[in-house]
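Enquirer: Sharing a structure below in structure tokens format, with a few things to ask.
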């Protein structure tokens, strides 16, 4: 039914849904806020009350970080699924999340007293993992995409082994709980400083991806077709992988590992706009942001103790993947 609407109207509807979810996220939680009180705070009538601090210093930066993170992960998944021509590819296919995990754990174990060491080392760890995957893929004499995927699997496996070794050596009372909770993912430490850390990387990456959206769209047809149309396949692929790596590394560095958004959201986008990368990209930003914002709002509102957001995204994402595999199986029969 939604396909009866023009694309721009569909996009405006998703933006409207995101704005509504943002408003809901501002007013609900363990400390509910009335609409009248929210309006007063947003209009700056009372800047000294605890309510102002709650909304402007706690909830608002968290909502903005969640929106950026959801949009970034969804866009990353959309780009990779087109680039690798595989609907089951997620943004961490080249090991960026695993690399971020290793960097974060090293920071927790050895540099916990240094401000922003966790975010910095997680970000650098994710980039290093993808660089290693690209170097390994260059050694492959077979299909370049297959070489990239295999390299990503190898890097992820090695990073997982290092993670287990570091967890084994961690203090079980002080360091290990911190490591485990970080790996589960969440926005419980969101603030304006962390927002300032991630928005430049995410903004630059999104701009770069939108600039190269046409050659990316052509690249989804296959390397030979793209080269025939004058696209520098190697250059565009490297630029796209670099931009996606920055997106995912920025998110994981401040929120931990967020599962399934980068896999599920692109499929919802395809249901709304079809297989058209130029239309998928703006829509994926809105859909991913809305999904993660809804999950985060529920995570901090359902119980007295906040639930790791990846728990909720996994409960939704796993059945969706099963449904997707079922539909693909029926289509192939």
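Cβ from N, Cα, C; glycine included.
Quantities reported herein were computed from a predicted structural model and do not represent experimental measurements.
Dumping what TrEMBL says about this protein:
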- 12-31: transmembrane segment (TRANSMEM)
- 63-81: transmembrane segment (TRANSMEM)
- 93-111: transmembrane segment (TRANSMEM)
- 118-139: transmembrane segment (TRANSMEM)
- 145-166: transmembrane segment (TRANSMEM)
- 197-216: transmembrane segment (TRANSMEM)
- 236-269: transmembrane segment (TRANSMEM)
- 307-326: transmembrane segment (TRANSMEM)
Enquirer: Check the transmembrane segment (197-216) against each of 12-31, 63-81, 93-111 and return whichever range has the most CB pairs under 8 Å.
Expert: 63-81
Enquirer: Please give the sequence-distant neighbours of the transmembrane segment (145-166): residues at least 6 beyond its ends with Cβ less than 8 Å from one of its Cβ atoms.
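Expert: Same-chain contacts beyond the flanks: 83-85, 89, 92-95, 98-99, 101-102, 105-106, 109, 129-130, 132-134, 136-139, 179, 183.
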Enquirer: What same-chain residues lie close to the transmembrane segment (307-326): Cβ under 8 Å, and 6 or more beyond its ends?
Expert: 87-88, 181, 184-187, 255-261, 263-264, 267, 291-292, 295-296, 298-300
